[in-house]
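Here the structure comes first, spelled out in structure tokens, and everything after it is commentary.
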2 protein chains.
Amino acid sequence: MVTPILTKNQSLVLDALAHAEAPLSAYTILDKLRDHGFRAPLQVYRALEKLQEFGLVHRLESLNAFVACACREDHDHTHHHHGVTMFAICEGCGQVTEFHDTGMEERLALLVKKQHFKTEKTTIEIRGHCQNCV
Amino acid sequence: MVTPILTKNQSLVLDALAHAEAPLSAYTILDKLRDHGFRAPLQVYRALEKLQEFGLVHRLESLNAFVACACREDHDHTHHHHGVTMFAICEGCGQVTEFHDTGMEERLALLVKKQHFKTEKTTIEIRGHCQNCV
DNA sequence: TCAATTGCGTAATGCTATAACGTGTGTCAT
DNA sequence: ATGACACACGTTATAGCATTACGCAATTGA
């Protein structure tokens, strides 16, 4: 999918996430954007929904929070990846690292195939501590 | 860990989950157990917390719901597994299949090690459709 | 032009989870 | 025995996350 033009609300939400050090909850985003006219949770959730469709934002299920996709740091989009995304979530500093591995994807695909299961969305989240947080 | 003796509340919650066809939310469990004296969410959450510690119950992060561990169906506990647990969650019938794979575990361990990350808890949930639900 | 689609704003509501009390019970070292 | 502690429990209130329902405005395209 080619990156679509974002609406004002979508841009605001994406910027908030992109500039954050850690995942943000929808309500935290709402608070950050009150000065920009945001008044209700739905404004945030609607923007998040679209941004997730576009692959620009990920939802972290184990945190009920959201992060900007790492591909945003890759301005040439040379690394933009559409397979399974994995997250390492540090309980210490809150930082989230996104990573990918085709080997994992293949192995997982094989496992679900054996069960005759049709995958639609895969969630892989590792909670723990990063190098700096012991 | 040897399976500890469960309290009354813990047994009730575990039974509710074990007899369910699909994952249950904490509030659904509460409703099912009102006739047994349950009145407040905390009674459910406290039991769930312990049951998760004991490895008898899993939380599904992408559903905000809970399932009895598959090891309960294995009365000799010969298959009781303490590594990474993966779940295939059918959007059609709601059924959840628990599965394990040491190859995945090893590969994942390798990947996080490369990032100098210390894993504490791993969540792997596959959303999709099972064989019966197309 | 009319219909369909999409995004937006607002209010209300529902679902999920925890905080902060206090009570009772059992263990166990003193 | 008694005091200290740990633990399970019960209740109320509150916090945090997400959606339903309504209506309006702008855009698109048959």
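Keep in mind that glycine also has a Cβ here, set from the backbone N, Cα and C atoms.
On a predicted model such as this, the values are computed, not experimentally measured, just so you know.
According to TrEMBL, the Zn(2+) binding site annotation covers B:C90, B:C93, B:C130, B:C133. According to TrEMBL, the Fe cation binding site annotation covers B:E105.
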Out of the binding-site residues B:C93, B:E105, B:C130, which are near chain A, with a C-beta less than 8 A away from one of its C-betas? B:C130
Inter-residue Cα distance where the pair is B:C90 (Zn(2+) binding site) and B:E105 (Fe cation binding site), in Å: 23
I'd like the number of other C-beta atoms within 10 A of the C-beta of B:E105 (Fe cation binding site), please. 14
Highest Cβ count within 10 Å among the binding-site residues B:C93, B:C130: which residue is it? B:C130
Determine, from DSSP, whether B:C90 (Zn(2+) binding site) sits in helix, strand or coil. strand
Quick one: among the binding-site residues B:C90, B:C133, which has the most Cβ atoms sitting within 10 Å of its own Cβ? B:C90
Which are the residues of the chain, B:C90, B:C93, B:C130, B:C133 excluded, whose CB is within 8 A of where the CB atoms of the Zn(2+) site average out, their centroid? B:E91, B:G92, B:G94, B:Q95, B:H129, B:Q131, B:N132
